[in-house]
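Everything on this sheet refers to the single structure shown next.
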Amino acid sequence: MAEQSQLKNLTIILLLLCLSFQSLSFAAESHLTVDFYSKSCPKFLDIIRETITNKQISTPTTAAAALRLFFHDCFPNGCDASVLVSSTAFNTAERDSSINLSLPGDGFDVVIRAKTALELACPNTVSCSDIIAVAVRDLLVTVGGPYYEISLGRRDSRTSKSSLVSDLLPLPSMQISKLIDQFSSRGFSVQEMVALSGAHTIGFSHCKEFTNRVNPNNSTGYNPRFAVALKKACSNSKNDPTISVFNDVMTPNKFDNMYFQNIPKGLGLLESDHGLFSDPRTRPFVELYARDQSRFFNDFAGAMQKLSLHGVLTGRRGEIRRRCDAIN
């Protein structure tokens, strides 16, 4: 009996030790750090920087395209590069969800270019989800935006399904209460939501996203002269759905606080833009960022850091794709 008791105790101890080692291993795999690639791919940041600089110079809309792509990847189910995966005969991927069909190709292209360069320098080492996170940060800096640290060590998802994102991304016509609920469900405050909305200070929107509101004689919040200009710019949009207008008509290629200065003047492009100023829960932050660019930059940087950590995969929960557009 004594021997059986000792054997039982020894078995329990060994089991606990195994569980402890597994927990430690998982914790080590799950840890994100800013210097994650310092030994495995020491030129990681230099390669990213060179790639995005060349792309931004040749195509100035790249920063806005990559920023939108990053949000559409992270916000629904986490920063796992699932939006980069192409559809197959057996699966409709996220990028082919109706809400993602208008994502500009330059955002995808800059990530693919960076991945190609990194695979030559450090094969099977850097995840696509880390590439897009750093590329977006560096692209924003090139157009005047704030610098912020990015923790690294993400893995890429092994799945990408259109059905998993359809109702999880904000729409241009969405009411503020619905927007607040969406952001809140992912742990973002009202102020963080407004700060992230400042991403509209660069980029463009297709006419179909706002033309139903363009009428110089109605009270949709547009400056009348702006409404006339929009109506003219989008006059042929039914025949050419690719026609678009800059989100910030004053400084469209510069990351600044002009977006927030425009909204009170009736120069916000989307219904959700107007809603930020008309709703008492969000208006104080619009006014704050309109008069204080430094505060906007600080809050935007913090919100982007938080977004970059949303739902990340680490260790054995994900993979490092050989190609960003295809699961291994």
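In case you wondered, yes, glycine gets a Cβ from its N, Cα and C as well.
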Of the candidates T201, T211, T314, the one that Swiss-Prot places in the Ca(2+) 2 site of D248, T251, D256: T201
Can you tell which of N100, N217 Swiss-Prot marks as N-linked glycosylation site? N217
From the list N9, N218, pick out the residue that Swiss-Prot labels N-linked glycosylation site. N218
Going by the disulfide annotation in Swiss-Prot, which one of C41, C74, C79, C128 is bonded to C122? C41
For C324, which disulfide partner does Swiss-Prot record out of C79, C128, C207? C128
Residue from T201, C207, T251, C324 whose C-alpha is spatially nearest that of S82 (Ca(2+) 1 binding site), among the recorded positions: C324
Within 8 Å of the Cβ centroid of the Ca(2+) 1 site residues D73, G78, D80, S82, which other residues of the same chain have their Cβ? C74, P76, N77, C79, A81, V83, S129, S157, G311, L313
Per residue, counting other C-beta atoms within 10 angstroms of the C-beta, which of the binding-site residues D73, D248, D256 reaches the highest number? D73
How big is the gap, in Å, between the Cα of C128 (disulfide bond) and that of D256 (Ca(2+) 2 binding site), rounded to a whole number? 28
Cβ within 8 Å of the mean position of the Cβ atoms of T201, D248, T251, D256: remaining residues of the chain near Ca(2+) 2: I202, M250, P252, K254, F255, N257, M258, Y259
If you compare CA-to-CA distances from C74 (disulfide bond) to each of the binding-site residues T201, D248, T251, D256, which comes out shortest? T201
Cβ atoms other than its own within 10 Å of the Cβ of C234 (disulfide bond), all chains, total 19
